[in-house]
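A short write-up of the structure that comes next.
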Amino acid sequence: MNLIDYEKQYDVIVAGAGHAGCEAALAAARMGCETLLLTINLDAIALMSCNPAIGGLAKGHLVKEIDALGGEMGKNIDATGIQYRILNTRKGPAVRASRAQADKQLYRLRMKHVMEEQEHLSLKQGEVTGLVVEDGRVRGVVTKVGVRFLGKTVILTTGTFMRGLIHVGLTNYPGGRAGDLPSVGLSDQLRDLGFTVGRLKTGTPARLDGNTIDFSRLEPQYGDDPPVPFSFSTERIDRPQLPCYIAYTNERTHEIIRSGLDRSPLYSGVIEGVGPRYCPSIEDKVMRFPDKDRHQSFLEPEGRDTVEYYPSGLSTSLPIDIQYRLYRSIEGLENVEIMRPAYAIEYDYVDPIQLHTSLETKLIRNLYHAGQINGTSGYEEAAGQGLMAGINAALRVQGEEPLVLGRDEAYIGVMIDDLVTLGTREPYRMFTSRAEYRLLLREDNADLRLRERGHAVGLVRDEEYRLFLEKRERIGAELERLRTAKLLPSEADPSFLETYGMTDLRNALTFEQLLRRPDITYEELSQIDPVAGMVPPSVKEQVEIQIKYQGYIERQLDQVARARKLEGTRIPDDLDYTVIPGLSAEVREKLLRFLPDTLGQASRIQGVTPAAVGILSVAIKSRSASS
C-alpha cells in the first residue's frame, strides 16, 4: 500500500477513544501537547460498552483520584448521572465508595463535546492498523486507508478491539463490540516486535425493553438524597434521580441455563480467552455455585430518554433462544423483550510486565499502553491508566521525568504496580484489598493526596487549586482549634456528661479527645461547641477521620516509611543478573522475565526471596561505588 503522510506532525497520538483514550488525549492536550485522537467510530467516544455506571467498590476511589489529578471522568458523571449512592456507609472510611448510574448517551455526548472543544486536541475517525517504528522508537501510526500520522509519542488504548471476536451461542463473528468492527493487524505487528500477546474474554448481558417489564413485581432501589458528587469541583447535583430495580433468578432459570450449556461457547471449548474472575457470566455462576437457589440482578436504566435496561449480573453468551427463556423465567420479566442480545467477546491484550511504571513499553521507546490492552477490566481502571499514560507521554515530549504514583499514594499506583510487576493472566479489576495502605488511600482524601501532583503537571486549574489550598488550610486550622479548645468539668452541661458517661469527669478534656470517642461526632460536639456547627462538611469529614483513626493512620505511615527505602532504590537497566553471585536459578529467571524497575518491585515478584533482594541491594551498591 502506498502511504500518504499527513501534513501535520503531533506530539502525542492516541489510538482508541474509550475511557482510557479520552483521559490520555485530554491530559496530553491540556499539558500543551499537540495531540491526535484516532478512533474507529467518532460516535462511540467514551461509550459505555457494558454497564451504564461509574464507580463502585475501589472503582470510586479511582474516579476520585482521576479527578484530583485533573482528569475528566468525575466531572462527566456528575453532569450526566441519573442515580448516586455511597456504598459501605456502615463500614469504615477506607472502604466507602461512590457509585452512579449514568445516562449512557449523555455521558458519551458530553465527553465528545469536551474533547471537541479542547485546545491542542484533534479528533479523527480512522482505524490504526500499524505502528511506524524506527531504531527501537515509535514514530507514528498507519491507518487502514493508508494515512501515516507521525508523532513523538504514541499511546495504544485499544480496548476489546484487537482481533475482537463476538460470541452468541455457537455463532461468532469479528467485532470490537456489538455494532463496531474489530482492529485487525495491530496485534500481529506487536507480536512481531517481541511483545507477548495473550487472549482474554469478557461479556455483557442483554438490553431489555422497559416497556415489557412489570416493575410492580420488582423491588425499587433509590439513590441517596442529597446525591454526593464525584468531582471535588462539583458543588452539588440538582437533577432528579431514577430508581433501579432488584430481580432474582430462580431454579427454573438455572434449569434453562443448564439445558443450553451444550451450545455455550464457554462450556463447549469455542472460547479460548480467560474470563473475568470477579464478573462471571450467569451460566458460570450457576455451574460454580450449584447450591445457590437464586442470584440477584439490578435492572439499571440506561438513560432518561430510553426504555433500555441493563440487567447486571446476567451476562451470558448462551444462544438467543436460551436468552429469551432465561430472562423470561425471572419474576417481573415474564413478557420481556430483548432489544440487544447478550454476548461474550474475545480480544487480544499485551502482557503488562513489558511496561515501565510510566506505562511506556520496555521494548519500544515512546510507546505507551493503557486500558484493556494491559489486561484490565472496567471503565475506571482504564481511565486511570489512560490519564497516567497521557501525562507521561506529555512529560516525555517536554523532556521531564515521568510521574509515577506509589502504592502508598494512590489506588492508581497500586494498579499500575500490580500490572507491571506481576502481570496478569485474567482480566484485572481493582479491589480495596489489593492496597496494603488502604486507610491512607480513602476516597475522601484523594484531593489531599494528589491535587498538588495534578497542579504541578498543569492539569489542575489555578482556581481549583486555590480552593483546594483553602480547604487544606481550614482542615489544619480546625485540627489545631480542637487540640486547644477544652471541655471544663465546672462549665460542662450535666445532661451532656450523663449522656456520654462522663458524670465523674474531673479533668478538662480537649475537643480533640472528645471527638476521638466512637460515640461522639461533630453533630454531638456542636451541642457544647457552637463553632463546630459552622465547619464546612468536607472539612468536618477530614478532621473527624484524621482524629478517630489517628493511631491506625500513624501505624500505616510508619510502614510506608520503611517500604520507601526499597521503592527508592532503582535497578540499573543494564544490571546483569547472570553474574550476581548468590542468586538462585529460579530468582534469576524471574528477574530476567519481569525486569523490575526498583528493589520494591523485585520484592513483590513471587519467588524472589528477601535474601535475594538483599543480594540485589548489595550488587547495586557495589556497582555504584565502583563507578
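Cβ from N, Cα, C; glycine included.
These features come from Swiss-Prot:
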type: BINDING; residues: Gly16, Ala17, Gly18, His19, Ala20, Gly21, Val128, Ser183, Gln372; note: FAD binding site
type: BINDING; residues: 275-289; note: NAD(+) binding site
Same-chain residues at least 6 apart in sequence whose Cβ lies under 8 Å from Arg277 (NAD(+) binding site): Glu426, Pro427
Nearest-integer angstrom distance between the alpha carbons (Cα) of Met287 (NAD(+) binding site) and Gly18 (FAD binding site): 33
Under 8 Å by Cβ from Glu283 (NAD(+) binding site), same chain, sequence gap 6 or more: Ile257, Gly260, Leu261, Ser264, Leu266, Tyr267, Thr316, Ser317, Leu318
Longest CA-CA distance among Gly16, Ala17, Gly18, His19, Ala20, Gly21, Val128, Ser183, Gln372, per record bound to FAD, angstrom: 17
Per-residue Cβ crowding (10 Å cut-off), top of binding-site residues Ala20, Val128, Cys279, Met287: Ala20
The one of Gly16, Gly18, Gly275 whose CB sees the fewest other CB atoms within 10 Å, among these binding-site residues: Gly275
Gln372 (FAD binding site) versus Cys279 (NAD(+) binding site) - Cα distance in angstrom: 15
Of the binding-site residues listed as Gly18, Ala20, Val128, Gln372, the one whose CA lies nearest the CA of Ser281 (NAD(+) binding site): Gln372
Fewest Cβ neighbours within 10 Å, where candidates are the binding-site residues Ser281, Phe289, Gln372: Phe289
Coarse DSSP state, helix versus strand versus coil, of Lys285 (NAD(+) binding site): helix
Which same-chain residues, if any, lie at least 6 apart from Lys285 (NAD(+) binding site) yet have Cβ under 8 Å of it: Lys292, His295, Gly313
Integer Å distance between the CA atoms belonging to Val128 (FAD binding site) and Phe289 (NAD(+) binding site): 42
DSSP three-state assignment (helix, strand or coil) for Gln372 (FAD binding site): helix
Inter-residue C-alpha distance, Gly18 (FAD binding site) and Gly275 (NAD(+) binding site) (nearest angstrom): 20
